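**Student:** Dropping a structure here in structure tokens format, bear with me for questions.
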Amino acid sequence: MSLINTKIKPFKNQAFKNGEFIEITEKDTEGRWSVFFFYPADFTFVCPTELGDVADHYEELQKLGVDVYAVSTDTHFTHKAWHSSSETIAKIKYAMIGDPTGALTRNFDNMREDEGLADRATFVVDPQGIIQAIEVTAEGIGRDASDLLRKIKAAQYVASHPGEVCPAKWKEGEATLAPSLDLVGKI
């Protein structure tokens, strides 16, 4: 079943953010764009490169009104230990949610049950809590925060411009499309 255009389910998890442990629920996402950035595990190999890339783009994400939630099935304590020991992870200013029971990961239908780990997946959620974009890659394939930014800008544009769609590789300021009978077969 596709989760596109479905509402995120209620959740309550502990997280590590800016040197503190905090509780995060679905209510924290209301009224704001959110990215749930699932990754398999702390202290691994591809994961820190991705999380560091998102950290490098975090200021721009914040300017777009986007909150980022990194999620793995590690505990919030493990997130703190990783944050304290890795120069790359120490750059992170967004919330790192611990999901040791896997409940949040299962809410997004993103659990590798045989391993108890999250798949490498990104979910873009609109201010109403509706999933607008999903990207899932194999464990050995890292994601690109630049493309995540592009997708968020496209999702925000489409949300504020009903009747328009963003074509492949669309970037902010470029032409969009207005689907109509006249356009059929002309692209």
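The backbone N, Cα and C atoms fix where each Cβ goes, and this holds for glycine too.
The active site, cysteine sulfenic acid (-SOH) intermediate annotation in Swiss-Prot covers C47. Marked as domain 'Thioredoxin' by Swiss-Prot: 2-157. Positions annotated as N6-acetyllysine by Swiss-Prot: K17, K93, K153, K169, K171.
Tell me about the surroundings of these features in the structure.
**Tutor:** C47 (active site, cysteine sulfenic acid (-SOH) intermediate) falls within a helix when secondary structure is assigned with DSSP. The Cβ neighbour count for C47 (active site, cysteine sulfenic acid (-SOH) intermediate), using a 10 Å radius and every protein chain shown, is 22.
Look at K17 (N6-acetyllysine): DSSP puts it in a strand. K17 (N6-acetyllysine) is surrounded by 20 other CB atoms, counting those within 10 A of its CB over all protein chains shown.
DSSP assigns K93 (N6-acetyllysine) to coil in the three-state reduction, placing it in neither a helix nor a strand.
In the three-state DSSP scheme, K153 (N6-acetyllysine) falls into the helix class. Residue density at K153 (N6-acetyllysine): 18 other Cβ atoms are found within 10 A of its Cβ, drawing on all protein chains shown.
Under a cutoff of 8 A between CB atoms, and with a sequence separation of 6+ in the same chain, K169 (N6-acetyllysine) has no neighbours.
For K171 (N6-acetyllysine), applying a Cβ distance below 8 Å and a minimum sequence separation of six or more within one chain yields R150, K153.
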**Student:** Between K17 (N6-acetyllysine) and K93 (N6-acetyllysine), find the distance joining the two CA atoms and give it rounded to the nearest Å.
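**Tutor:** Distance between the two Cα atoms comes out at 6 Å.
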**Student:** Tell me whether K169 (N6-acetyllysine) sits in a helix, a strand or coil according to DSSP.
**Tutor:** coil
**Student:** If you draw a 10 Å sphere on the Cβ of K93 (N6-acetyllysine), how many other Cβ atoms land inside?
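**Tutor:** Taking all protein chains shown, K93 (N6-acetyllysine) has 12 Cβ neighbours within 10 Å.
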**Student:** Cα-Cα, whole number of Å: K93 (N6-acetyllysine) versus C47 (active site, cysteine sulfenic acid (-SOH) intermediate)?
**Tutor:** 16
